[in-house]
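> Can you keep this structure in mind? I'll have questions shortly.
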Amino acid sequence: MAQTMSFVIVVTILLSAPLCFAHKSSGGGGGSLYPQFYDRSCPKAKEIIKSIVAKAVAKEARMAASLLRLHFHDCFVKGCDASILLDSSGSIISEKGSIPNQNSARGFEVFDEIKSALEKACPSTVSCADIMAIVARDSTVISGGPSWEVPLGRRDSTGASLSGSNNNIPAPNNTFETILTKFKLKGLDIVDLVALSGSHTIGDARCTTFRQRLYNQSGNGQADFTLDQSYASQLRARCPRSGGDQNLFFLDFVTPTKFDNSYFKNLLASKGLLNSDQVLVTKNQQSMGLVKQYAENMELFFQQFAKSMLKMGNISPLTGSRGEIRKNCRKINS
């Protein structure tokens, strides 16, 4: 990970480095991930997935962010293996009940619809983990963001990890160092952290995720001084000291349903909604420099977002003989 590399060099590397679409998996069991994995076994898979995602987002624009978020919350726990989609049953305790997911993770019915359609087209062929990776890309593109070829060949987990979901997923009130450490543990660096945080250019957050910034940021009964005060006043109007926990607020109030670089511009104006957003500017010089670059150059942000999504999508995938191909994304086959 680069600590002192000049931003000029960083920009040069990002602009000149080609995207690599075939990844040697780190999940064991042999095999690599590559975009053409289903070209023969299920040639219409990508088309089927895209059409259902497009329909879901047309019905509710917020769904794009919800579907993209599920991929993040899946990959940070046990790798990109669709463990987040499992319901509790038998020895499985679902990750859906974890602190990061409870009352907030949503969009599971979209995966049910996709899986049902794929099972009719090509039974027991396309993994739920691969569906999640494709859906994350499609949700980004439909919202106006960048596209990338998704390496495929992941298999599905036969278990879940509630503790992993509680401990591994970065939280809105985590310190910058804690968030960066959680990224590093997954093989991601500070550039990935800033770029992937840019997904907050779409979607909503609940009052309960940022209330402390409005009323008691440091345990002293004072608001977060790094938050623009006029913006804070607007937030307090619908996020009181108590009650209204589930009230929703745009993560990017400027263009809430468009995938662009407004999120980074908001951070520079001290109008990041979550503490985990604003610390990218207030707690680290390198991350602040990256925020400035992405605020000034949306193309650069899009290029790095695609690269970082590819990198995140390759966290400990199950390949070869490991895992299974679930027939129903909510439950294991046996």
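In case you wondered, yes, glycine gets a Cβ from its N, Cα and C as well.
Straight from TrEMBL, here's the annotation block:
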DOMAIN    32-333  domain 'Plant heme peroxidase family profile'
ACT_SITE  H73  active site, proton acceptor
BINDING   D74, V77, G79, D81, S83, E95  Ca(2+) 1 binding site
BINDING   P170  substrate binding site
BINDING   T201, D252, T255, D260  Ca(2+) 2 binding site
> At the Cα level, what's the spacing in Å between G79 (Ca(2+) 1 binding site) and T255 (Ca(2+) 2 binding site), rounded?
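For G79 (Ca(2+) 1 binding site) versus T255 (Ca(2+) 2 binding site), the Cα atoms are 31 Å apart.
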> Are there residues of the same chain, six or more positions away from T201 (Ca(2+) 2 binding site), whose CB falls under 8 angstroms from its CB, and which are they?
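In sequence order, the residues whose Cβ lies under 8 Å from that of T201 (Ca(2+) 2 binding site) (at least 6 apart) are G145, L251, D252, T255, K258, F259, D260, N261, S262, Y263.
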> Express the distance between the Cα positions of D74 (Ca(2+) 1 binding site) and P170 (substrate binding site) as a whole number of Å.
12
> Using a 10 Å cut-off on Cβ-Cβ distances across all protein chains shown, tell me which of the binding-site residues (S83, T255) has the largest neighbour count.
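Result for the most crowded candidate: S83.
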> Please identify, from the binding-site residues D74, D81, E95, D252, D260, the residue with the sparsest Cβ neighbourhood, meaning fewest other Cβ atoms within 10 angstroms.
D260
> Do me a favour and check the Cα-Cα span between V77 (Ca(2+) 1 binding site) and P170 (substrate binding site); whole Å is fine.
11
> Distance between D81 (Ca(2+) 1 binding site) and P170 (substrate binding site) at the Cα atoms, whole Å?
18
> Once the chains shown are all counted, how many other Cβ atoms turn up within 10 Å of the Cβ of P170 (substrate binding site)?
19
> What Cα-Cα separation, expressed in whole Å, is found between E95 (Ca(2+) 1 binding site) and P170 (substrate binding site)?
15
